[in-house]
Every structure is written in structure tokens, then in C-alpha cells.
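These notes concern the structure reproduced below.
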Amino acid sequence: MAFGRMCADGGGVRGLSSLLILRCLLVFVTQELVRRGVLSDTHPTLNPQDIFDAAVGTSTGGLIVLMLVNLDMTLDECIQQYKVLSGEIFSKYRSVLRRAFGSNLSKFSGKRLQGAVEKLLISRGHPLDLKLRSDVQRNQMHGTVLCHERLRAHQMFLCTHECTGPYRRHTLDFDLELRHAARATSAAPSYFEPMIIQGRSLVDGGYGDTNNPSWAAKIHYHQSHGLPARHPLVLINIGTGTLPEGYDEVRLRKRPWWTRLLPNSLVEALGLLSDLVKMATESEYRASDLAYISALAPEKLFFQRFSADTGMHNIRLDKWQAATDSYGPSEIEIKTEAYLAKSEVQMRLKVTANKLADVYIGRNSEPKISLPLPLPLHFPLGPEPPCFNQATAAPEMLTPSLGVERLSTLNLESRSKPLPTLSAPATPDALPNSAVFPRILVKTENVFTVEGQLLNVPAARAKRSFTR
């Protein structure tokens, strides 16, 4: 079964466009499942929690992830709340003179941002100190938001589930509160002051090549969440604005000459077109890399990126009026709808919906037999021990044999700590009519669970899934 992941770019108020695109995509997914007879004609439009195994976001994309995963909000609720947050966070700002001659160059108040998140928590019936890895999460989707540690300049992944592997050394040694995670991933330099946690200065993970978190998330989930590198991945990337075709990118990325007279951080806070273009093009670079890999190995990676190219790049990250619709559709809604109406975009949405329908069916169907089912004995990424310990010599990839009863449930669990080494037992007798003679011992508490039993699996005929 393919692993479904959604990645949301950063982009300030333009994150509303990401939500609108995602809602349109899920309308197509729901229609496809109705066409296949999986859902009834009256079934409401699915939400991301119904389809994706994980969601990753930076900055404004991180806020979307937290609303979907931790607060279990529907897309319509997210869209409505996003408009409210945009006004609350960006409607009041410090003047240019105050920033130029004061000690704080940030354009907006980080306390105001955190206060808006706290107000949202209260409205949803959650405590202010709700943890990122809370036991009250109502869905099974994993969530990850990205930020950077300012002085060390490395990526930091804040996850709703425990991380292991090489990224562990970059995580905090306690469970972060959701409101602080929201502040950290949104602390864009010059827009908000850094978030200080345990003496570590955290800033927005959306600048540089991680404004599109797709590539960083792919590596992180392989190395730190136990997802095998050979596991099929369906990766959907939602952007916040792309340059229209034919634009002179080089010319647009150049700042005006007078900006050399001002501090760089102050210039960034002005929201110049050149900076918006730079952010948009860097997001596209990562998408191009993943699209290339997907074309080479489509059976391992399905990748699609959707990002409005109908003038969205002209909207400043803090232009909250573009997200409001007091007198009809907002500017962001109009530009996004124009993008979604394109025939080429409609075609890609339908192709993607067909793939996500397969993911949905795989997640919600009874365990099915799919032979041959390769069982890798080692993973190429990360320093962790392999999931399987071989009792006797065998090929590197084993194919299950026939003739074994179907198991009721079989889950591949993500590990929160290194697996203990299993001692090799005496060589078992070969099974008759078996294609695989060596047996594989599996530790249930770390790898497979079938009604709490320890399995000695010579030939497993069951579905493997990534436990959420």
C-alpha cells in the first residue's frame, strides 16, 4: 500500500490559496470514489485526514498542518479560520521608523501571532498548553512542521509523533506545546521575532530551499519515522504562488538600487516583489527535482505540485485584505479559481485524484493478499538496525510462500527507540511446498502486531501498512 503525504509551502496570507487548491483536489477524489462505488452519492467531501498518512508544512503551511492534524479541523473550517487569523495577525504592524530606530526590526508581533493561536485553541475546546504529541489527537495522520535553529542554521523537525534516527539530535528534549510550535515555524525573519525555547533561537523554516518542505520531509520520514526507502510514496505538494510562464525571472529577482542603503532585515520586511519571486522560484526548484525522480521511478514515487500561477506571486505575504471576502470573493480566491479552471490543471487534478483514491482504498479496505510481497532485510537510509533479523542464510529480498492462512491485522510500526538484537534460534525445518525455506523472526512490540502475538513468519500473506 502506498504511503500518502501532503506537503504545504510557506507564504503568509497566500496559504489560503493552498487550502482552496486542496479542497478542489479532494472534491475530485471524492467523486472518483463515488464513481468506483466505494462511497455513496451522498457522501460528504473527504478531508485530508481521511486520505493522507502524513502532512508536512513550513510557516503558513505549518499552521495548516497543525489545524488538520492536532485540531482535526475540516478544510472548510480551516479556510474560514485562516481568514480570521490573517486579519488578527497582520492587521497591526510596527511602523518603518519604529523598526529602523528601535531594537526590534520585526514588522509584526510574535505575541500577537501566539495569541491568535491560543484563541483558536480555546474555541476548539483545547487547553492552552496542548502538546504537539498529544494523546487526544482524533485522527491518525502524522504531522510535522519545519523551522530553523538560527545560530546553527540547520533544519529542525517538530513532529506530532516521536522521532528517531539522525535528526533526533536536532530536536528538543521535551514535548513542545502546539502554540509554541506554531510560533516557531511562523517566525519569518524580519516579519516576526525569533521564538526562544530552552535558549535556542528558532525561526521560520520556510526560507531557503525548505519553503517547499517536500524534499526535506521525504528524507526525514525515511530516516526518523521508520518508513522503508522502497515503500511506494504518493507525494502531493501544494504551493502558495508560482511565476506565470514567460516572466523574466532574472530581472524580477533584482532588488531596487535604493535597498542597498537600508538594513537587509528591514528590506525583507518591506515585502518587495524581488523577494517574493525568489521564494517562489526556490520552491519550484525542489519540485522539479522530485518530478524528475518520479518520472524515473513512477512505481516508487508519484509526485504532483499545484501552485497558482495567475498573479499570486504579486500578493505580499502580509496583505491580509487579499484573504478577506467582506464584499464578495477575495483577491486570493479569484486568482486561485482562475488557476483551477485551467484545462491542464483540471487534467492533473483528475490524475492525482485517481492515485489518491487508490491510497484511500488501501487504507480502508480489509487486509488483502498481494503476492509476491518483498520483505527487505535492511534499509539503505539511516543508522537504525533492520526491522527483520534473519535466522538462517537467505537472499536479500524474500518472497512469501503460498498456503498460509490470512492474518487479521498486520501493521508496520514506526519505532521510537532502536530495536533490540534478536538471538538466532536453531534452524527450523523447511516447510513443504514453500518458496522460502529460511524463516524470519519478528519482534511484535517493534515491528508487527497481530492480536498481541509473537509471530514466527515463514510466509506472511497480509497487507503491510505504516502505522499512524
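FYI, residue positions are counted from 1 along the chain as it appears here.
From the backbone N, Cα and C atoms, a Cβ is placed for every residue, glycine too.
Here TrEMBL flags SER59 as active site, nucleophile. In three-state terms derived from DSSP, SER59 (active site, nucleophile) belongs to neither a helical nor a strand segment and is classed as coil.
Around the Cβ of ASP204 (active site, proton acceptor), 28 further Cβ atoms fall within 10 Å across all displayed protein chains. Residues or ranges marked as active site, proton acceptor in TrEMBL: ASP204.
Here the domain 'PNPLA' (6-218) has a mean pLDDT of 86 out of 100. Under the heading domain 'PNPLA', TrEMBL lists 6-218.
According to TrEMBL, the feature motif 'GXGXXG' maps to 10-15. Sequence-distant contacts of the motif 'GXGXXG' (10-15), counting only residues of its own chain at least 6 positions beyond either end whose CB sits under 8 Å from a CB of the stretch, comprise 57-64, 82, 86, 90, 188, 191, 204-206, 211, 239-241, 279, 312, 315-320, 322-323, 332.
According to TrEMBL, the motif 'GXSXG' annotation covers 57-61.
The two recorded residues, SER59 (active site, nucleophile) and ASP204 (active site, proton acceptor), have Cα atoms 6 Å apart. Below 8 angstroms of C-beta separation, residues 7-15, 18, 144-147, 185-186, 188, 204-206, 210-213, 238, 240 of the same chain, each at least six residues beyond the ends of the motif 'GXSXG' (57-61), sit close to that stretch.
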